[in-house]
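Q: Just passing along the structure, written as structure tokens.
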There are 2 protein chains.
Amino acid sequence: MHGRTSGETVRLEGNARERFYDSRGYGVPDGAALELAPVEAAHLLWREDIEGVDGQDLQAYLASEPGLAVRFLVYKDLRDRGFYLAPAERWFDDPPAGIDFAVFPRGEGPWGDAVEYRVRVVGERDDVPVSALGDATLAVVDEESEITYLGTDHEEVTGTSTAALPTGVPATLLGDRVAVPDAPDELYERAFYGQPLDRNDGGDLQLSLVEAAHLAGDVLALDRSAVLEKGHEVEGERFDRRLRVYRALRERGVVPKTGFKFGADFRTYADVESVDDLGHSELLVRVLPVDHVFAPRDLALDVRLAHGVRKTMVYAVAGDEVEWVAVKRLTP
Amino acid sequence: MHGRTSGETVRLEGNARERFYDSRGYGVPDGAALELAPVEAAHLLWREDIEGVDGQDLQAYLASEPGLAVRFLVYKDLRDRGFYLAPAERWFDDPPAGIDFAVFPRGEGPWGDAVEYRVRVVGERDDVPVSALGDATLAVVDEESEITYLGTDHEEVTGTSTAALPTGVPATLLGDRVAVPDAPDELYERAFYGQPLDRNDGGDLQLSLVEAAHLAGDVLALDRSAVLEKGHEVEGERFDRRLRVYRALRERGVVPKTGFKFGADFRTYADVESVDDLGHSELLVRVLPVDHVFAPRDLALDVRLAHGVRKTMVYAVAGDEVEWVAVKRLTP
């Protein structure tokens, strides 16, 4: 059997519907014939269920349309894993931007209603705007044609960390950090602000600029504008974004501490009652501007690292509101 | 006892030599008096061994000189860990660029000859040029004043992976990858080039552009210039650097495969005899231009990830020659 390109689709005549749609979920029937998406036609070529498309073999057909080879690799991989899937533009009345495939739950197909994954196919060298995360499963095809699946979800970030704090605590701006000599116990021990200068003596604390900016003028007797000015001097606009996210986390009862050792902005603790009884930190948070664009490799790096330290990678997109997007490795 | 600033140093009169130099290794004696580096004076202030410097207490003194607070944190931490150390400009006749401290082996001090670590103090927000790596131990002080030590060394990269290859194998450029239909066994099975399109059927291989560029015109019957052109189109100059490093690795008997899942350019296998008997990959390689400048956070991310997957992070600096620099987390 041979396919013939007709507009956006590939047409198979004869008993194609019976052979490829009824039990195997390829294409859209048109009487006994079938209209295939190019990626479906490529898959049938690969399976040697059809002999050619417009007289071309698999390699030639894949080379005939930019991006088809990469979409085919993902389509094939999902089929190999036992899924039926349909091109997004066929399945959704109003296809979500950037989504390539609707993947049906295992055992179901285009004759059902449910969609398990909304897959966006991404080449290793493609740009991924942060706005594309949240509803999509990314299928990233690396340069060696291996596929990494990344699930992205909007995340609820909440916790129970609240502690009453004293006010008017004296503090000094020391370069790009703040010293609090003889700090009251609650500050570090209960609320987990700062870091003791000496681990055996909790008296003198060092606070980060973002911690100090959050506390200045109320808890700390420290000129807030001087802290903000220093923050802008050393980090520019990034400082405002980080402070906004820091505040949002504290308001949600979550304690942010530096994520430096993990290459992130913050690691977070949802339920801090006392520093002596600190649990495992749950999230790694990276603060991003709304127009941030990822290289897929950086996403892979973050997600792999977070997984290795048993934390969840969360991007905090600092727009008018802070949006939280969790990204996890996923095996469909 | 009070210190007094005199030029670059702080002078202690009285029996300062006896108290602070003879058994504790601070400063440079001048008769019974002592000349201290500011960081040493700050440490004696912190220990309350002296009462003030120019009438200032610790916080005021630390605030008096940019960068002193951060250098003090590292000096103090290394002292707390049981090391004696000296400012680089005092210790080395010709102080290496960017080195702040000579740290002596445990139990030794400035009266000996040996140096255990050449420490460069780096704030989380400082730039670290890749040229600064190789002989230095970085002490990175993060925004919460925690210190991460990163050891950097020039690395010998060698292996025993060699395999005879056929020539003139037909291949097709498919977008930003290369297909080799019905590839000879040696290519993948022995030399670990490419990736089978189907895991159960090693016949059809997909090669990355960098693998294909390395093999084109000899092993592959494929126009090398077309592959290079495609490489430039999708990666620009980065493609040349990656190809240079890829070749250098293969020439050293090391097999590079994509490091995408680890956010790196390559993971490497030193001793490949057969793909069926593949060991653990040893290195993660990131290719960099000679003028690359790190944010310390990116270094922390790479090194943490590599550690978590039991590999060594190696930066391949692609100048006229490729230079290899390994970076590891270190606990002094």
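Cβ atoms here come from the backbone N, Cα and C positions, even for glycine.
Sharing the features that TrEMBL gives for it:
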type: ACT_SITE; residues: A:Tyr269; note: active site
type: ACT_SITE; residues: A:His280; note: active site
type: ACT_SITE; residues: A:Lys311; note: active site
type: DOMAIN; residues: A:1-57; note: domain 'tRNA intron endonuclease N-terminal'
type: DOMAIN; residues: A:170-216; note: domain 'tRNA intron endonuclease N-terminal'
type: DOMAIN; residues: A:239-322; note: domain 'tRNA intron endonuclease catalytic'
Q: Within 10 Å of the Cβ of A:His280 (active site), how many other Cβ atoms can you find? Include all protein chains, please.
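A: Summing over all protein chains shown, A:His280 (active site) has 9 other Cβ atoms within 10 Å.
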Q: Does DSSP put A:Tyr269 (active site) in a helix, in a strand, or in coil?
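A: Reduced to three states, the DSSP call for A:Tyr269 (active site) is strand.
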Q: Distance check, please: Cα of A:Lys311 (active site) against Cα of A:His280 (active site), rounded to an integer number of angstrom.
A: 9
Q: Measure the Cβ-based neighbour count of A:Lys311 (active site), defined as the other Cβ atoms within 10 Å of its Cβ.
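A: A:Lys311 (active site): 20 neighbouring Cβ atoms within 10 Å.
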Q: Any idea what the Cα distance is from A:His280 (active site) over to A:Tyr269 (active site), rounded to a whole Å?
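A: For A:His280 (active site) versus A:Tyr269 (active site), the Cα atoms are 7 Å apart.
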Q: Would you count the other C-beta atoms found within 10 angstroms of the C-beta of A:Tyr269 (active site) for me?
A: 21
Q: Sort A:His280 (active site) into helix, strand or coil using the DSSP assignment.
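A: Reduced to three states, the DSSP call for A:His280 (active site) is coil.
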Q: So what's the average pLDDT for the domain 'tRNA intron endonuclease catalytic' (A:239-322)?
A: 96
